[in-house]
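Down below is the structure, laid out as structure tokens.
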């Protein structure tokens, strides 16, 4: 009994040793097989990490580039808006200045025109006043020195004025016809001369002789009055008045027996 138990224990120990040795061999074999697999997996993980890093870097660079591009676009838009605003301000100010300058020029022109018209009106008034004073003076002289009545003197002055107007119209008509005749006669020539043989004077000489720019003072010829026996009387205005007798009165004053 004792020997059998020892054999069994020895056999079990040998079996356990064999199992352990087999397990060690199997473990060594499996470890040898797993090492290249682990190395290949480590290399693949390194490659994936590098690819991921590259992709992340690319994405980050693209993001930064897009962000920079957006900032540049926004800056360009901002600059364009600022420039457009400044241009609009400049154009508006320029237009306002132009409008104000145009208004000032219109006011200056209107003022000049008003001053010219006022000067002409004042000149005409002065001329009319001078003419009226001259006529009144002539009327006073004729009334004081002549034997005609006031109505006769006024009628004579009116006739003279009408005669001067008719004379001016006739001269203007003659000048216009002279110009037309000479223009049709010398049509197509570079230089032409007004016919002095037919008219005597040229239209320019006639116009200068007429002197339309001067104030026309009517000249009246006072007939010589025979001195009377009565002494001359001095008026309060220091105007010497002459008394003359009419021819009818002189004839009636003579007596039928005289002579």
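Backbone N, Cα and C define each Cβ position, glycine as well.
Database features (Swiss-Prot):
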REGION    18-39  region 'Disordered'
DOMAIN    50-77  domain 'IQ'
REGION    61-71  region 'Calmodulin-binding'
REGION    226-259  region 'Disordered'
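For the domain 'IQ' (50-77), DSSP puts the residue distribution at 28 helix, 0 strand, 0 coil. As a whole-number mean, the pLDDT of the region 'Calmodulin-binding' (61-71) in this prediction is 92.
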